[in-house]
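According to TrEMBL, the feature domain 'ABC transmembrane type-1' maps to B:82-271. Residues or ranges marked as transmembrane segment by TrEMBL: B:21-46, B:88-110, B:117-139, B:145-164, B:203-226, B:246-271.
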Amino acid sequence: MTLLDVRGLTVRTADGRTLVDDLSFTVGSGERLGLIGESGSGKSLTTLAILGLLPTGMTASGSVELAGTQIVGAPEKRLTAVRGRDAAVVFQEPLTALDPLMRVGRQIAGPLARRTGLRGPALRSAVLDGLEQVRLPDPERVARAFPHEISGGQRQRVALAMALACAPALLIADEPTTALDVSVQAEILTLLDTLVAEREMAVLFVSHDLAVVARVTDRALVLKDGRCVEEGPVLDVVGAPRAPYTKTLVDGARTLQAALDLRSSR
Amino acid sequence: MTPADLLTRAPAPARRRGRSVTLAVGVTLAGLIALLALVSLVWLPYATDDTSGGRLAPPGDGHLLGTDKLGRDLFTQLMTGSRIAVEAGLGSVAIAALIGVTLGVLAAFAQGWLDDTLAAFLDILIAFPTLLLAMLVVAARSATLGSAVLAIGLAQSAVVARLVRILVKRVLAEDYVTAARTSGTSWPRTVAGHVLPNIWPTLVVNLALQFGLAVLAEAGLSYLGLGAPPPNASWGRMLQEAQATFTTAPAGALAPGVLLVLLVVGVNLIADGLRDTLDPATRGRRS
């Protein structure tokens, strides 16, 4: 079943520049699609357009159908109902994606209460469950902490817990590991992988990092200047790139890898 | 202790103490005036229209600070003056906060030409002199404390609205607002849950400063006879009345002047102290 159906999505600024150009792709339920591209390629805008959250001044045209709801041009009320329930987002920078003045527990409690209608002690224990599911040690302490009082990796786990609290059909991960240390990156990816598999969630994984996308997703789509240059099974895209742009990306990644191999073999 | 330790560690506790001292001194000064104001509600040394003390009596002898040129007890007038000053400050700030925050939040959501128009409108309102506005209000109503407070509150609401507009715009651009929106939080809930709490620390400091300014403005209006009418002694009118006899009986002008300074300085110190204690990020760093 098709969960997300994007057809001819085009995003333009107020002064007429085209940032996403006639983009089409689908994500089936339970499927994992990687969106690859460097900064400025329009991948983050695509994720925002899927939720009808484009920055002011930008307009989307074309069609975005999320779980049967047309997003482009939908009224705010319908969008609010769709967001969280059908798709939730984990952002790149967990420090700025968490409210600095709100305790972590309350930030997770918000979407959780809206979805489940829980209150009081039941809500509290559900929040602690949510924190435990993302393998946070000492959830009681974390729930009471402000975002600046926990580490970067812990913050991203909290952000993940917030997104999962919505129990969305589609999880949109917008560069979820880019801002993290390499060792923490691997942990978060494994966690994301397990949690999504357990819940049979669909994933739209946005990243500039080929290796990360190859690890998490089944299918990949390469974006350049807002256009799709290549799409296919992730192993084909990474193993035998057809588009010249994808080749450059893969070669770049391989050069780095080779440098690492060379150093470690010495 | 190495020199490096001195550089990195020593200033921190000193600054921490400095901050709490600021707050404590501010609370003490403003609290003193607030106490006078509260006591004046239930007890005064003399009735406000009691002129039995004789004209310009020196301090002491039944009159702590002496009497004014009409024979009224100065300390009694100072006490009712404190009440009026505190009322003026609280009333003006309440009006300014109510109108300013509402207008500021709405203006922050406005787009395009409406946004520009509102911003220009607020700037014009701020440029309009408070004194003129007060005269207009007094002319339209009458010279009462209420009129003065209304005028001051209206003038300040423009300042508050402009500040709130900028603060809200900044918060709306933050990732956590987008994050809240992606999880299906409606606009009203986002504003109540994320926007207002995040502008609160800056806002409350500014409101404390506005309180001090309102007290000064009320004294200014009373000095010109546009404030509370007699027999409610306002510090501003006491200053004006004691002006002519300043050389012979300086207490009449000095006392309200000193109290005015104490209250305004006290409130400003509170604002400074609050600035640091309200931000959990700095709270965390200090502990």
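Glycine too: its Cβ is placed from the backbone N, Cα and C atoms.
Given the structure is predicted, the values throughout are model-derived calculations rather than measurements.
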Any chance you could find the range in B:88-110, B:117-139, B:203-226, B:246-271 with the most Cβ pairs under 8 Å to the transmembrane segment (B:21-46)? B:246-271
Given the transmembrane segment (B:145-164), which of the listed stretches B:88-110, B:117-139, B:203-226, B:246-271 has the most Cβ pairs that are under 8 Å apart from it? B:88-110
Can you see whether the transmembrane segment (B:117-139) and the transmembrane segment (B:88-110) are touching - at least 3 CB pairs under 8 angstroms, only pairs 6 or more apart in sequence? yes
